[in-house]
Amino acid sequence: MQEGKNIWSLILAAIRKELSEEEFYIWFENLYFIDATDESIKISAPNSFHKNQVEKRFSKRIKEILTEKGHNTINVEFINPPKEPKTHSMELKNTSLKDISIQQDSPEKRTILNTHTKNIIEHTKHYVIKEDIHTKYRNPFLKKKYTFENFIIGPNNKLAYNASLSIAKNPGKKYNPCLIYGGVGLGKTHLLQSIGNKTEELHKEFKILYVTAENFLNEFVESIKTNETKRFKKKYRHLDMLLIDDIHDLQKKEGIQEELFHTFNALYEDNKQMVFTCDRQPSELINFTDRLKSRFTRGLNVDISKPNFELRVAIIEKKAEEDGIKVPKNILNLVAKKVTTNIRDLEAAVTKLKAHIDLEDIEIDTSIVDKIIKEIIAYENDKTNTNNTINIESIKKVILRELKLTNKDIEGNSKKPEITKARHIYAYLLRNFTELSTIEIGKIIGGKTHSTVLYSINKIDKERNNDLEINNLIIELMNKINKN
């Protein structure tokens, strides 16, 4: 038994290194070790859908890991949780987790619990919801780093900040729904996540769910494919707080707009708090149903604009302090003066400064700052000038030519590092140059999943901030795509 647990731990450790944090949480957080023999390890999945998806996505890789670790004779078997025996169902249903653990240790109770019931108790510790109190609704996408305390307030975002804090303190009261809108990288996600984290702190019994509009869409599509729409509706219509990021990603998506409309109504009628973010005012949304737009404007709409000079200086100072670097006043002011786009670009400039200091062991001067600023401005101009006339084939053509690859390489399943890296870059460029969803990008790159594509995009985005070579390569490829 213990050896089986150890082997399962080895498998989890290996897979965790290969997946993003969100992807690992989605598929492996709710799997539990049940039993083991010399030939097999039994793992419990929360439901048949989850079981089938894990088998489909990861069985091959798990077998490879077992072989690598010298356990090639062992098979991992995924099973659904055992059903409660009818004779004990009511007893378990009305018992809290604390009471169950007491019963399990009690001598008089132990004599009447058969083996099957003990197994139920073991599983119950993991996923039975107590009916007498609310259970904390675990949310893998709420990041603890986003708080009101570390949000830098200025004239451009003060109203949005105050409204967000008020919502967290008194959800469902004053500003419901609330829509925070503004350009990219101005702090909308920071505020939305801060609302979730502060509400979770102040209202521990609340069921809170933060989700991007794209993940909301993908989950809805998946629920249709697997005939799990009832589960989807139940999940989203029985919340105390729903936070949806980047609602503009649902433009031109009529089916999900219809579903969101009904979800909105269900939550609104129960005075449950909803907060959305968007890159524009509701009235400017294209191919968005009027009745859904009217729902957004029913509550508070508040904008975040670009930071002024003083706020840009404060943002740079804070980021430099977090990264442990000292930025001379003249350099700090130069960056704040030149980079006027958004918070994300300001923080990227500081990250690039740190990379020069750490990797080249040099002191920062104005020439280095000018180079960094030119890179950032060039990248922003590329994004601004990009339109849908740049098609998929032109992007692929540049990737294949410049990285010396074939169609088979870019659309296949080769694990060679240089080819894997190229696929990451291809996904990243498709995301930046087109309006394709991650599911659509996945189909182009050899049938990859949404999670795999999202991992690729996030990986390159992160590496651009920390690896000058990768950043320069991406800029070069973008320039060639624009000229192609």
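For all residues, glycine too, the Cβ spot is worked out from N, Cα and C.
Residues or ranges marked as ATP binding site by Swiss-Prot on the basis of sequence analysis: GLY185, GLY187, LYS188, THR189. Feature annotation from Swiss-Prot assigns region 'Domain II' to 73-140. For 141-357, the entry in Swiss-Prot reads region 'Domain III, AAA+ region'. Taken from Swiss-Prot, the feature region 'Domain IV, binds dsDNA' covers 358-484.
All features noted in Swiss-Prot, drawn onto the structure.
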residue	record	Cβ within 10 Å
GLY185	ATP binding site	17
GLY187	ATP binding site	26
LYS188	ATP binding site	25
THR189	ATP binding site	19
Model confidence over the region 'Domain IV, binds dsDNA' (358-484) (mean pLDDT, whole number): 80
Number of helical, extended and coil residues in the region 'Domain IV, binds dsDNA' (358-484), per DSSP: 96 helix, 0 strand, 31 coil
Output field, ATP shell: CB within 8 Å of site CB centroid, site GLY185, GLY187, LYS188, THR189 dropped: GLY182, VAL184, LEU186, HIS190, LEU191, THR277, ILE304, ASN342, ILE343, ARG344
Assigned conformation of LYS188 (ATP binding site) - DSSP reduced to three states: helix
